[in-house]
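Trainee: Here it is: the structure, laid out below.
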Amino acid sequence: MVAQFVATRVADFWYLSSMTVADKQVYESGRLAIVDVMRGVAIALMVFYHFCFDLASFGFAPFDFYRGSFWLNFRTLILSLFLFLAGVSLVLSAQKSINVRRFLERLLRIVGAALLVSLATWWMYGDRVVFFGVLHFVALASVLGLLFVRKPILALAFGILLLVAGNSWQFLWFDQPGWRWIGMMTHKPATEDYVPLLPWFGVVLVGIFTGDALLRSGRFGKLNQILPSESRVVSLLALSGRHSLLIYLLHQPLLFAVINLYVFVIGQ
């Protein structure tokens, strides 16, 4: 026990001494501007996607979001970016030690938001209710990801395995309502948003591996420095990235309100 404690402290000292000043700031704060900016980019893409979806829903555009390859791939791109960054962020928040209170507060906010989405979509879409969408997934992935934040190689191995399995294997068993959240169904369920554990947890695990590799190599600080310090666009994206949950919850009601107002005005 004593030898293990000493070895751990020596490893931590070597790890910190090898960091640049910028990386030490990342280590102390648990935040990274470029991660916030990239999350802000994902938020902007998501708002654009949902705006186009709403235009199609109101009959203003001929977009096919359920079968059109462009929109299906666009959704995959946005979701992959979000979940990859979720894995990176998990590494940043847990690099010193897990702040249990902060983690639980964040988890409860996400769970509450997920339940709100389920209730809202049940009211709006009925049978197409969101039972395991992106927020439900993020809540579960945040807990499961803690098992891998100190084991980056294992995270990468499991991540690749889940990505392959989730995209290659299908079983009738997982078509049953109680197991659909896992994935590997023979068909996509009738729901407005579906982010199953497989293959998407694999993306989070790859993000965990990448975040750990960048942190240990001292490259996080260098990535931070490539951002233009005086750019208003960058500042706005970073702000959006820091408040992504709030924007996620509010943007669709606002878009619906604006389009409904437009429909009312032109109807007059």
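Even glycines carry a Cβ here, placed using N, Cα and C.
Among the features that TrEMBL reports, domain 'Heparan-alpha-glucosaminide N-acetyltransferase catalytic' is placed at 31-253. As annotated by TrEMBL, transmembrane segment applies to 41-60, 72-94, 106-125, 131-149, 154-174, 194-215, 245-265.
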Trainee: Kindly say whether the transmembrane segment (72-94) and the transmembrane segment (194-215) touch, using the definition of 3 or more Cβ pairs under 8 Å where each pair is 6 or more positions apart.
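Mentor: Taking Cβ pairs at least 6 residues apart, the transmembrane segment (194-215) and the transmembrane segment (72-94) are in contact, with 3 or more under 8 Å.
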Trainee: Taking the transmembrane segment (106-125) as reference, which of 41-60, 154-174, 194-215, 245-265 has the most Cβ pairs under 8 angstroms?
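Mentor: Most Cβ pairs under 8 Å with the transmembrane segment (106-125) come from 245-265.
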Trainee: Who are the chain neighbours of the transmembrane segment (41-60) in space, where the CB to CB distance is under 8 Å and they lie at least 6 residues beyond its ends?
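Mentor: Distant contacts of the transmembrane segment (41-60): 71, 74-75, 77-78, 81-82, 85, 237, 240-241, 244, 247-248, 251-252, 255-256, 259, 263.
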